[in-house]
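*Asks:* Here it is: the structure, laid out below.
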Amino acid sequence: MFASNVVVLNKRSIRFIQTQLPVKATVDMKFDLHLPKRSVIGKLPYHVEEPIVFVHGLFGSKKNYFNDCEKLSNLLQTPIYTIDFRNHGETEHAMPFDYETLTNDLIHFVEKHNLKNPSLIGYSLGAKVSMLALLKQPSLFKSAMIIDNSPVVQPEIVPFLKVFRKACVETVNKAGIRADDKDYRAKANQYMSKFIPNAGIKGYLLQNCINKPPKNPSPVINYNDGMIHWKNPVNHMANVSEENVADWPTIPEGIKFNGPVGFLRGTKSDFVLQKGRDAIAKLFPNNRIFDINATHFILNERPSEYVGIVADWFKTGRHDVEKLAAKKAKNAQL
């Protein structure tokens, strides 16, 4: 169903190989592994207990937060895996692109790499995928930090997502920017200003703008046509990168994750409203919500502050929540 979403523009601007995206139940996601540079316990084994998997947002990639994960790995003395979702970064292009499929990809990654008691750090799109993974396979995961998202349907964000995708599509299809133009990124930035005035958001999206073929070939993009391109198959992601990202599946009654889950909420963001907090309390009873003075783009606006909050959560905060939950359970039995 999703693979037929091909956007055809006028003949002058068509630069895509006219084939559909393949449909795959799961894909092997590309990843980077961040190990502590100096370990207090000597040489750290590759498969240590309780590694962390960092899960990026829409149009993000494992490269976005390289420095953050290096810092967290050293602060927490544990390996951190950063992944690329399908249709992102270095991972292959394929459909479907929905929460059920992305969650299955994440669970497949954890099981394939034999990760023992991993925890998750999920941001935005990656936050919802992380939450669904906790609910689908609660015994597989130890804990999580969910960054600025909640387990609810969010139709209010669809208009913004449509603008983001339109800006990406029109920049590669209508701006006429050649790959050999040394100012290609600056020109792409200028063109995107027609749709997105915010410099931070443009910078985030432009990390996907390339003038050379990437490591992963795409069945739908001709990277050798002399023009700039996006790493993501944006022309083939109409609707799925909007309605599906704003969606949230129906969770059967009684399903919950009882492990400790931290939620980092931007006070200038609308991604964790009261309906979201109610859903969090129901599905993740052993939670703690942290506020940070930022919009939804917390990781770009408050990098040092959010890294500190995340590190403190995994060092001590989650254990405090576990102790409190155990105390409540004991009192309930009396």
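Heads up, the Cβ atoms here are built off N, Cα and C, so glycines get one too.
So Swiss-Prot has the following annotated:
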- Ser124: active site, charge relay system (ACT_SITE)
- Asp148: active site, charge relay system (ACT_SITE)
- His296: active site, charge relay system (ACT_SITE)
- 1-16: transit peptide (TRANSIT)
*Asks:* Going by DSSP, is Ser124 (active site, charge relay system) part of a helix, a strand, or coil?
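*Replies:* SS state of Ser124 (active site, charge relay system) = coil.
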*Asks:* Would you count the other CB atoms within 10 A of the CB of Ser124 (active site, charge relay system), including those on all shown protein chains?
*Replies:* 25
*Asks:* Is it possible to get the count of other C-beta atoms within 10 angstroms of the C-beta of His296 (active site, charge relay system)?
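*Replies:* For His296 (active site, charge relay system), the count of other Cβ atoms within 10 Å is 23.
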*Asks:* Over all shown protein chains, what is the count of other CB atoms within 10 A of the CB belonging to Asp148 (active site, charge relay system)?
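*Replies:* For Asp148 (active site, charge relay system), the count of other Cβ atoms within 10 Å is 25.
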*Asks:* Looking only at C-alpha atoms, tell me how far Ser124 (active site, charge relay system) is from Asp148 (active site, charge relay system), rounded to the nearest Å.
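*Replies:* Given the Cα positions, Ser124 (active site, charge relay system) is 6 Å from Asp148 (active site, charge relay system).
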*Asks:* C-alpha of Asp148 (active site, charge relay system) to C-alpha of His296 (active site, charge relay system): distance in Å?
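*Replies:* With distance taken Cα to Cα, His296 (active site, charge relay system) is 6 Å from Asp148 (active site, charge relay system).
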